[in-house]
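J.: Provided herewith is a single structure, encoded as structure tokens, for subsequent inquiry.
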Amino acid sequence: MFFPYVYLAYLYLVLRLIVPLPLHRFTRIGLGLALLLVCQHHMIQKWVFGTMFSPEIPRVFIVLLGWLYCSFLLVLLLQLLADLALLAAWVLRRGRAIDARLTLRLRYAVVAAGTLLSAVGVGQAIQAPEVRRVELAIRDLPPALDGFRMVQLTDLHISRLMHGDWVREVVERSNALRPDLVVITGDLIDGSPQARAGDVRPLADLAARHGVIASLGNHEYYFGAERWTRTFEGLGMRVLVNRHATIDHEGGRLTIAGVTDRVAPRFGMEGPSTRRALEGAAPDAPVVLLSHQPIGVAANAESGIDVQLSGHTHGGMIRGVDQVVKRANGGYVSGSYRVKRMQLYVSNGTGLWNGFPIRLGVPAEITEFILRPAR
């Protein structure tokens, strides 16, 4: 991922961390080569497996690689901060040199802190998510839908990392909420239907009064959206591909619309179209839109969407770094937003991609929505 930038980051760490170490030259060369392998392991996986998104290797190695790669990025960030602090100290000291022993100790501290934070973050990332409860106040909500409970799952990224036992725990936590409806907003998987057959099987046990409705994310397209759509339908889901479904709950109607992901045209498939998804929808029913990425938000608000549910950002994964992810996603990264009359909710994600498995201050979530009439 972002391979040219990773090379620049690698060179920076070699020059600032490895070259100055008081070690034998061959030891420093070995450290440099090891760091190169770590920072380019996504590219290596692509060469070996044909994709960097789903390496079919034992889980323990995925966790180890994730820890090493996240350590690389955190050490990079901490070293940048340390160098800024050293530069400020040099300016304040009017160009007088800083004790070399201090800078050496600082380098060791940077590596220790980065690797420790990475271990904590990876440990948090692979845990089963907690439930986050959110009330959605919707204008003109039919009285029968007051208190309607809807669970959102998203970005499960079921893989060798987020395996079948983890999926089963997610399903049990969702079922314990006894929802009226379960919606899944894309990126359910990483890997082919054959590779993930056992891991996705627990999804068939998801229980809700009105069933399970899903939309597709970018990762489904990477591994064959049509095949995965059939697989999901075989597990009892309704997959909305620029379509909608009408939920009739005790006489009150709710429209659930689902759009494709914006990468779909790259694979010869139709891109997201809210207009097509709403064709024939009941004009008096509130509309909840399932859109994997938080895009087209202003246009969706103009289209009369009441609520848009999205994921994709994983909440930014690391507090502070989430602001970078926010800028890359139109200003939306985590939680609730108001866009004109529409409410947008961006989930932190139920799981996350195995290539960057870290969470620091941004917990995974199973989101339970309770619908209420706007006062």
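Note that Cβ sites are derived from N, Cα and C of the backbone, with glycine treated the same way.
According to TrEMBL, the record shows the following:
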TRANSMEM  6-23  transmembrane segment
TRANSMEM  61-92  transmembrane segment
TRANSMEM  104-126  transmembrane segment
DOMAIN    149-315  domain 'Calcineurin-like phosphoesterase'
J.: Find the average pLDDT over the domain 'Calcineurin-like phosphoesterase' (149-315) in the predicted model and report it.
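T.: Summing pLDDT over the domain 'Calcineurin-like phosphoesterase' (149-315) and dividing by its length gives 97.
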J.: If we skip the immediate neighbours and take only residues 6+ beyond the ends of the transmembrane segment (104-126), which ones have a Cβ under 8 Å from one of its Cβ atoms?
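T.: Contacts with the transmembrane segment (104-126): 16-17, 20-22, 63, 66-68, 70-71, 74-79, 82, 86, 161-162, 166, 317-318, 352, 357-360, 363-364.
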